[in-house]
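Each remark here refers to the structure printed beneath this line.
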Ligand SMILES: *Cc1c(COP(=O)(O)O)cnc(C)c1O
């Protein structure tokens, strides 16, 4: 009888890889801006019997029997989210941030309608209308960019583009733009053009929940987010809107874009949201931003160039072209990975290399802050990164940095 066997008995290769992944997370410095470490409570929720339950529909109105307890779970999740974000209506069922965006497009647009969004190479996201994504295939997309001089979004240009393009939806939000969006301004542009404003807060869900980043809730018709980046609620998505759009959004998620909700993930969201309602989470979120600013400071003192000259949030975008013209983003990612510092290569505004090579790296502070890193540790990490980039050929530097990374990881364990 296999039913009661453990994972290492049933699929030993998977159990082993999972254990190795746990060790990898403990023994490296995770600086991918979209990643984080969730709590025991979130892990517990996601590994629970809730995964067994079908619950198509919404609390109190399901297509299956036996939903009384998952109704409680989903309603509590919604209540926590409403309290966190001050939204009128919340849907916690999207399987991911992309699914959340899909549901908003399905609710608000017809195929062929026009979307104005930030270009991927200037910090946007695939699901904002890129040609390899359904959003670029179903809709007519025009994209705004950042000012090549300042690295900030040029809102006058955006407004002029909107006047000319006459979009049905204007999207704010990004994956690699280090500055806050002016949600009020984008809301105005959308209003003026009779368009909806979708604010995609995927990266900053936690910062907004904690009140350390401005909230688009009052300036956008729809707000979508992911639940696994700066908020530590496990992998998934969320949609917020006003009462007026509630039914459209709910039917666009189910049955429009998805089948049964992942109740175990919804429970994870509840756990993460409940944690985010504590004062401790606000202190954490402030530290996330403070750590990013400390890192920006170290980088700039050491001659690295940052897109927009710094950051307002949890991530930095390093443009290597001036300081390290011969080093690509891909090489920088590999060099850092070799010493246990995990970042991702990233295109920069005005990119001349391919997206698989790039001229930049994106560096984030959420996961390190979760481990307990503060200013002193961030200064050390910043120095280590600069040393590696400055000495790509040196085994001595590589060994020395690796040793310091090991020491930091041991001093700041995640789960042990
Ligand atoms: C991460 C992200 C998403 C969601 O991504 P998923 O991987 O589908 O959860 C959506 N929009 C933006 C801007 C993002 O950065």
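Here, residue 1 is simply the first one shown, and the rest follow in order.
Glycine too: its Cβ is placed from the backbone N, Cα and C atoms.
Per TrEMBL, these features apply:
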DOMAIN    9-385  domain 'Serine hydroxymethyltransferase-like'
BINDING   120, 124, 125, 126, 243  (6S)-5,6,7,8-tetrahydrofolate binding site
SITE      228  site 'Plays an important role in substrate specificity'
MOD_RES   229  N6-(pyridoxal phosphate)lysine
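Counting other Cβ atoms within 10 Å of each Cβ, the recorded positions 125, 228, 229 show the lowest value at 125. Here the C-alpha separation of residue 243 ((6S)-5,6,7,8-tetrahydrofolate binding site) and residue 229 (N6-(pyridoxal phosphate)lysine) works out to 27 Å. The two recorded residues, residue 120 ((6S)-5,6,7,8-tetrahydrofolate binding site) and residue 229 (N6-(pyridoxal phosphate)lysine), show a Cα separation of 18 Å. For ligand 1, the recorded positions lying close by, meaning a CB under 6 A from one of its atoms, are 125; the full candidate list was 124, 125, 228, 243.
Per-site Cβ counts within 10 Å over the binding-site residues 120, 126 peak at 120.
Cβ neighbour count for residue 243 ((6S)-5,6,7,8-tetrahydrofolate binding site): 9 (other Cβ atoms within 10 Å of its Cβ, all protein chains included). Other Cβ atoms within 10 Å of the Cβ of residue 124 ((6S)-5,6,7,8-tetrahydrofolate binding site), summed over all protein chains shown, number 23. Taking the Cα atom of each, residue 126 ((6S)-5,6,7,8-tetrahydrofolate binding site) and residue 229 (N6-(pyridoxal phosphate)lysine) are about 17 angstrom apart. Between the CA atoms of residue 124 ((6S)-5,6,7,8-tetrahydrofolate binding site) and the residue listed as 'N6-(pyridoxal phosphate)lysine' there is a gap of 16 Å, rounded to the nearest whole number.
In the three-state DSSP scheme, residue 124 ((6S)-5,6,7,8-tetrahydrofolate binding site) is classed as coil.
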